[in-house]
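Scroll down for the structure; my scribbles are underneath it.
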Amino acid sequence: FPEILSNPRLTPVWGTLEVVMNQNVSLSCHSDSGSPPVTYTLFKQNQMVSTLNRADLSPVLFNLTISSASDVGEYKCKAEDKISNGGKYSRSLNFKLKEPVSKPVLSSPASQAKAGQNVTLSCLSENGSLPITYIFFKEKQTISRPVKMWKREAAVIFVLISSSIDLGTYKCRASNSFDNNTKYSNSFNFTLAEETSNSQPLIISLGLILLLLVIGFALAIQFFIIPSCKASE
């Protein structure tokens with residue numbers, strides 16, 4: 001008696017869905033029941049990739065090479081025998097490209113800081129598989145706990161510049177699950193902003209007062225002292 005075709009199972013042979021560029025991967029597609037021969041078709045995002053036939057119910061292997069970012073994404077397979085109507089589809093598998101982090105960029109809104117000011121440091125790698133873990137350094141000393149980012153966003157910390165000792169050279173480090181891949185950022189240095197002297201406004205005020213006194217004295221001479229002298233002659 002013919003058996004009803006079951007939904008096939010699509011599984012990666014090596015048990016992982018994270019792949020690197022130029023990696024070879026194998027996908028197994030198999031229906032437990034049906035009436036052979038069975039035709040298996042592999043699809044990626046509804047586009048047919050390959051078709052294989054089996055004279056029995058043994059699994060088929062689809063071999064792929066991840067040569068570009070367009071090769072990752074959602075895959076599913078379809079099984080079809082002579083008595084199935086339209087075939088049966090497997091659940092989808094979603095490959096993700098595993099790529100190393102790029103060199104992170106360390107930045108701050110301002111390069112000058114006053115003593116006692118909190119400054120912001122941001123660290124971001126534009127490329128690399130998420131999550132990415134960031135750590136901040138001053139010279140060779142760690143100044144933050146590891147910051148794990150699950151989105152393509154910068155890790156941010158705040159640093160108190162209490163004196164010139166806190167200026168130094170700052171860096172950050174980025175890493176992800178890609179083996180043996182750690183990247184350090186550019187160096188960033190703060191400079192201490194000079195405090196405006198409190199004596200300058202006082203000097204300016206005294207100068208204005210002196211100028212007003214001179215002008216007032218000149219006017220007094222012109223309008224009062226000179227006419228008085230002429231009247232007494």
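Keep in mind that glycine also has a Cβ here, set from the backbone N, Cα and C atoms.
Curation plays no part in TrEMBL annotations; they are all automatic predictions.
With helix defined as DSSP H, G or I and strand as E or B, the domain 'Ig-like' (8-94) counts 3 helix, 48 strand, 36 coil. The domain 'Ig-like' annotation in TrEMBL covers 8-94 (among others).
Residues annotated as domain 'Ig-like' in TrEMBL: 100-191 (among others).
Summarising the annotation, TrEMBL assigns transmembrane segment to 202-226.
Across the domain 'Ig-like' (100-191), DSSP helix (H, G, I), strand (E, B) and coil residues number 3 helix, 45 strand, 44 coil.
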